[in-house]
Amino acid sequence: MGSCINEEKLAKFFQRSLNALPAPYTSGLPNHLSLIFFVVSGLDLLNKTDILEKEKQDIINWVYSRQILPSKDNPEINLENCGFRGYNFLGQEFCCDKSVHTSENGPLEYDLPSTPNTYCALLILRILGDDFSGVNKKAIIDSLRKRQRESDGAISGSPNVGDYDLRHLFSACAISFILDDWSAINKESAIDYIKSCLSYEFAFGQTPQQEAHGGPTYCAIASLSLLGRLDVLEPFKEQLTFWLVKKQITGFCGRTNKDPDTCYAFWIGASLMMIDRYDLIDFASINAFIGSAQHEAIGGVAKEPGQLPDVMHSYLSLVGLSFGNIPSIQQVIPCLNLSKRAAGKDWFEKLI
């Protein structure tokens, strides 16, 4: 089966988005690395990375400029604040060709890394063929070590910030897998936290006692997959499967009694892929729904038909289509959200 989207138009949409974004994206600049990841990985899935050949080294340099390192004079200073930030903020010197070392006085107050930005930075570098020689792996792992809460195993997104939830636990697991160092995470405590987020619907909320939602459910299952502990799902796997399959209307929705949204082709689709139940859904309907949400003139995919497209929905829709084994789209490793081509044999074999 072929895709219902115009792949050439989508590739041009990603290419334009790399160079300029409309004003509404301004509020997303704290997560700028995720926007670049959507574009770069989207072109990778479409087999169009040749488009990036001229800009490739500039993108790699830009990603490294987002890295926050320990003090150059004393590597033990500021270990809790290392990783990748999304973008430059007030008071931080703009520098587009080298990573930033913090001063002896510590980091600027609002210049913080986050686990999602670090995860996206590492994936961008992998897709573009970087060898990670500029990544301070020790500093990232040492910083990550300070993020896990002892009381329940939850992990925060940034140093001294109280947003503990499954998004950041997943990002931490992905970072640990990518850097091949799990020493920062108490695995059993992390698994206990995942279990605590299970709702009465037998899917997962973002934090304990929250409504089951497609995004956190993906984060929970992907974390367990990276941890090698999908067996945790066995006692309620059939109920979880039922909840996931029932999210399909034409496309998937993310919560019970909500309208379909193209991004859940990834969140729900990848969850079903990881538990080996994707054969239970109607892929032709998913394909058609995504095709109907592609903007004829702009080329990107919106959250639903008739809306304006954006890079997130365009990318996650494309990943959702990859689960249908469409020949023109690269296959994706669901638990990493990365093409098998970019992952390479070394990462892929560790996940089998």
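From the backbone N, Cα and C atoms, a Cβ is placed for every residue, glycine too.
Per Swiss-Prot, the feature geranylgeranyl diphosphate binding site maps to His213, Gly214, Gly215, Arg255, Thr256, Asn257, Lys258, Tyr264, Ala265, Phe266, Trp267. Remark: Gly215 (geranylgeranyl diphosphate binding site) has Arg167, Gln206, Gly254, Trp267 as non-local neighbours, by Cβ distance under 8 Å and separation of at least 6 in sequence.
Taken from Swiss-Prot, the feature Zn(2+) binding site covers Asp261, Cys263, His313, and the record attributes it to similarity to another entry. His313 (Zn(2+) binding site): 25 other CB atoms within 10 A of its CB, across all protein chains.
The repeat 'PFTB 1' annotation in Swiss-Prot covers 135-180. Mapped onto DSSP classes, the repeat 'PFTB 1' (135-180) shows 22 helix, 4 strand, 20 coil.
Same-chain residues lying 6+ beyond the ends of the repeat 'PFTB 3' (236-276) with a Cβ under 8 Å from its Cβ atoms: 198, 201-203, 211-215, 217-218, 221-222, 225, 230, 282, 285-286, 288-290, 293, 301-304, 312-313, 316-317, 319-321, 323, 332, 334-335, 337. Taken from Swiss-Prot, the feature repeat 'PFTB 3' covers 236-276.
Counting only same-chain residues 6+ beyond the ends of the repeat 'PFTB 4' (283-325), those with a CB under 8 A from a CB of the stretch are 1, 3-6, 9-14, 17, 21, 25, 34-35, 38-39, 41-42, 45-46, 248, 250-252, 259-267, 269-270, 273, 331-332, 334, 337, 339. The annotation repeat 'PFTB 4' is assigned in Swiss-Prot to 283-325.
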Check: same-chain CB within 8 A of Zn(2+) site center, minus Asp261, Cys263, His313: Thr262, Tyr264, Ala265, Val301, Ala302, Lys303, Glu304, Met312, Leu316, Ser317
Most Cβ neighbours inside 10 Å, all chains, among the binding-site residues Cys263, Ala265: Ala265
Helix, strand and coil counts within the repeat 'PFTB 4' (283-325) (DSSP): 22 helix, 2 strand, 19 coil
Taken over the repeat 'PFTB 1' (135-180), the model's mean pLDDT: 94
